[in-house]
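Input: a single structure, listed below in structure tokens.
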Amino acid sequence: MAPIDPHSFTDSAHPLTTHVSLTLYFDFPSSTISAATLLSLAAPYSGPLTIDTRSLSVSAVLDPLSLSRIPFSLSPSPPDSVLGQSLNFSLSNQSQVLILSETAPSSSALQWLSPPQTFNKSHPFVYTQCQSIHARSIFPCQDTPAARIKYSAKLNIPRQLSAVMSAKHVERRPPSPAEAVGVCEDAIWCADDRVVEEFVMEQPIPPYLFAFAVGELGFREVGPRTRVYSEAASELLDASAKEFSHTEEMIRVGERLFGPYDWERFDLLVLPPSFPYGGMENPRMVFLTPTVIKGDASGAQVVAHELAHSWTGNLITNKNNNHFWLNEGFTTYAERRIVEVVQGDDKAALNIGIGWRGLIEEMERFKDNLEFTKLKTNQAGVDPDTIYSQVPYEKGFQFLWRIERQVGRPAFDEFLKKYIATFKFQSIDTDMFLDFLKANISGIEDVIDLKMWTEGTGIPPDAMEPVSEIYSKIVSLANEFQLGRLPMEDEVADWQGQEWELYLDNLPKSVEASQVRALDASYRLSESRNHDVRVGFLKLAISARCREYYGKVEKTLKEVGRMLYLRPLYTALVQCGGKGDEEDKVFATRVFSEACDSYHPIAKGVVEAILAKFVV
Ligand code: BES
Ligand code: ZN
């Protein structure tokens, strides 16, 4: 018995599931989902099977044909803090097994919002975030990207709500009499109040790409294969439709660069502000934070990134999280190629520069844990959420950019297309990529130290900053800040969010409080509608202990649950620094205790880990 993935109980000697058929009954009053999960294997199998679960109550494992019970056990007990529990049973010449289970209200993949926590305040809302290893907290599955599954799903939900999934919508219909059985046991919802929404995903996906959202949803058409969905409020829908009006153009650019778009639809779902990421590449239905809607079309960068995953990540997937850079490094490279076409070289250079700064900061964060400065990592025993970083994104980007510089763009483009066509719908590891690289670009290993790039720590000497006039100008202005010079009005006249973000990222780590105040007096960054800018400024204000901004810090921490913002703000508050740290820690702890009910469980866990490290 050998695990195939440090984050899954799945055994290499067991067959992998090829299809999952799900029936889900949503009970909003108890924040739980009852699931009937039919797992199918490619062929009849006799022997043990090990399935991942986390905080699920499993009531029965059944032979779906005879409905006879199959004995099962859950282990270890108590559950492993990273992996959860394995569900163990044996099959005898069977290719299907039916598992009945119920989620816990604390399911790590699910955020349940009560009506007051939603935009319209009249209906509840629930949505998933399964990457990296949270699908197992919704239904039992072999929760490893080494498994690729097709699925179908029937979602039984209150009639006032509707559902979207990372799958094709089949129909919305009343529950059949059989499906109504058991429903009326519930005092609050009875069959008349329910509908069933059916979906099917006909392409094999890794379990982390399973996704749904249920709530009072509306949509706008923004392109021939794109709708933007959000909570049904016209101001939200209109702003979203405007922000994402260029999506079709980006899909076409992606197709030109990377080959056909294989997922038919590219819909977008704008989630409530607690969504813990900027975006999540759920196939056919990308999930987005509302903070990308800034009114200046800069949300396009996040969409470009999630779109790029349609090729790099969703078509070709890392076999397990040790090779996560194959997903995110390739996607960051592909995202910047799309941005370069639709927004120009300067914007692409700014993004590379912001990424470069981010990479340098991560080296500092992991200076005592160099394993996570590598591309190919060993994540055994480690929770992927707590070590989530820019390293796979930016060091991965730098590696691919280095290869591009070596071979020239035309040859690299050809290589990329061939790579995607060769491995599509497969899950691969770093060595498979390197073998393919060496086979297709002969002699590459003689000019680039591939081992240093993939297995070495830190930033290789042949990584580089972008070359661009606007980039250099912003960096030198940031350096002059140290000498007491603020940028002049005409120098920043055409700056948008990314320019300011780059400027703020490049300021020295410790700055004088008076300078922070002067910067804000001139440019009102603490009031920016753009969260990247506002948070960048507030981070600076915290490190200079400018406490007059803490009201804005508190407001921001209570308004959004995107980890990109929570992580640096909480870290800046609790990390050792100048005088008055205790006061900041007390402040951070209080704000968290008041805000955490509105955070997604993943974000809550990540902030708890930050506070636990620094607050004793
Ligand atoms: N797949 C990631 C988000 C993710 C990674 C969720 C790991 C869970 C575990 C997504 O594609 C992503 O990278 N989002 C970025 C967008 C940005 C790079 C434009 C984010 O959320 O910040
Ligand atoms: Zn990504």
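Glycine too: its Cβ is placed from the backbone N, Cα and C atoms.
According to TrEMBL, the features are:
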- His305, His309, Glu328: Zn(2+) binding site (BINDING)
- Glu306: active site, proton acceptor (ACT_SITE)
- Tyr393: active site, proton donor (ACT_SITE)
- 469-611: domain 'Peptidase M1 leukotriene A4 hydrolase/aminopeptidase C-terminal' (DOMAIN)
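Here the features listed in TrEMBL are placed on the structure.
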residue : record                       : CB count, 10 Å
His305  : Zn(2+) binding site          : 24
Glu306  : active site, proton acceptor : 23
His309  : Zn(2+) binding site          : 24
Glu328  : Zn(2+) binding site          : 25
Tyr393  : active site, proton donor    : 25
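A gap of 10 Å separates the Cα atoms of Glu306 (active site, proton acceptor) and Glu328 (Zn(2+) binding site).
Helix, strand and coil residue tallies for the domain 'Peptidase M1 leukotriene A4 hydrolase/aminopeptidase C-terminal' (469-611), in that order: 107 helix, 0 strand, 36 coil [DSSP]. Listed in chain order, the residues near the Zn(2+) site other than His305, His309, Glu328 are Gly279, Glu281, Glu306, Ala308, Thr312, Gly313, Asn327, Phe330, Thr331, Thr332, Ala334, Glu335, Tyr393, each with its Cβ within 8 Å of the site Cβ centroid. Only Glu328, in sequence order, out of the recorded positions Glu306, Glu328, Tyr393 have a CB under 6 Å from ligand 2.
If you measure from the Cα atom of Glu328 (Zn(2+) binding site) to that of the residue listed as 'active site, proton donor', you get 5 Å. The two recorded residues His305 (Zn(2+) binding site) and Tyr393 (active site, proton donor) have their Cα atoms spaced 11 Å from each other. Secondary structure at His305 (Zn(2+) binding site), taken from DSSP and collapsed to helix, strand or coil, is helix. For the pair formed by Tyr393 (active site, proton donor) and His309 (Zn(2+) binding site), distance between Cα atoms is given as 12 Å, rounded to the nearest Å.
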